[in-house]
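Single-structure report; data block below.
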């Protein structure tokens with residue numbers, strides 16, 4: 001059972017209760033928590049588009065703690081992050097694995113961060129299919145195409161060569177926050193929030 005805390009806010013019109021995630025959305029903070037699948041991706045995309053409509057000039061923060069998930073669901077979030085006008089700052093807390101790591105590195109340049117004890121994991125896509133030989137061949141070609149596209153995205157956002165990305169993603173590749181920074185997935189490891197003046 002998931003309990004979502006409520007926050008009570010005093011306004012000129014009395015008290016207003018929000019669930020914590022809705023209140024944080026008001027502050028332009030989106031959470032990507034848990035496995036990335038279609039329903040969750042749809043909610044994240046809707047939040048990104050809503051925040052763009054609210055103020056296309058103001059940055060959005062995306063907090064990521066995800067083991068990864070469905071590639072097409074993750075790519076719908078990725079494409080929306082690239083499509084909307086506001087910069088999306090990404091922050092890894094806990095883990096950003098698989099598709100979670102792709103979303104982490106897709107943040108705006110200079111705005112991709114991780115907390116010191118978080119971990120990042122990159123790898124090639126996996127899948128399985130049963131059926132007729134021709135259908136298996138079609139799906140094998142498709143997963144190789146997905147692998148190529150994901151590699152190109154990591155090349156674009158990390159600055160690494162295609163060869164470096166391919167060899168680094170051959171197997172599960174776990175990184176502590178500092179290693180993820182050195183690899184180009186994030187820009188900095190942060191321990192404390194920097195106060196804006």
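Quick reminder: no glycine exception, Cβ is built from N, Cα and C everywhere.
In Swiss-Prot this protein carries:
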type     : residues : note
ACT_SITE : 98       : active site, nucleophile
ACT_SITE : 123      : active site
Local backbone state of residue 98 (active site, nucleophile), from DSSP in three classes: coil
Under 8 Å by Cβ from residue 123 (active site), counting only residues of that chain that are 6 or more apart: 98, 169, 170, 171, 172, 173
